[in-house]
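Copied over from Swiss-Prot, here are the features:
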- 2-83: domain 'GST N-terminal' (DOMAIN)
- 7, 8, 41, 42, 43, 44, 45, 54, 55, 67, 68: glutathione binding site (BINDING)
- 85-203: domain 'GST C-terminal' (DOMAIN)
- 111: substrate binding site (BINDING)
């Protein structure tokens, strides 16, 4: 029986989970809640056996999880992809935290009612953060070495989202551009992105000042 992944019908926090599942070839069913489905979700939220009800949720047989990082860690652990030593596991946790910091920083700008005002400062400071990631990646193909892990999809998704706000943000960082292209070229990811199941837009919830709406900026 396939696992179930529930989230809003947008990219948001579920997109790295989707990408990771697709990369692994895991069979799963998506339960998507549209813009007008808030009442539907609220009617189901506390009746699904979730310990801490929220979106995204992931139900795999008896395992019922919420929180996107916890979901990805569970899936990674099932596939033996969480490291083999305390040092490796701690390093992966560190990357998760930094990737979430990047995502949260992007989200704060996108959901700010004064978006146009805060955007300028965000774009101005962005190169410092991107340089940190570029330096960390170095000559490796992926964040933990030569193999793909869930943290790669966490970073990829935020980088891809940021480019809608700052289209040329990666021009100074060829290693990050190559990393992004490398993820998109993975056969199963490429096939997913070309499928009807792939959600390109919106990036954020419908209350966002940026990344919502019916179509991406031209």
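Cβ from N, Cα, C; glycine included.
Nearest to residue 111 (substrate binding site) in space, judged by Cα atoms and limited to the binding-site residues 7, 41, 43, is 7.
The Cβ neighbour count for residue 43 (glutathione binding site), using a 10 Å radius and every protein chain shown, is 10. Under 8 Å, Cβ to Cβ, and six or more positions away along its own chain, residue 68 (glutathione binding site) finds 13, 14, 16, 17, 56. Looking only at other Cβ atoms within 10 Å, the busiest spot among the binding-site residues 7, 41, 111 turns out to be 7. Packing around residue 45 (glutathione binding site) is summarised by its Cβ count: 14 other Cβ atoms lie within 10 angstroms of its Cβ, all protein chains included.
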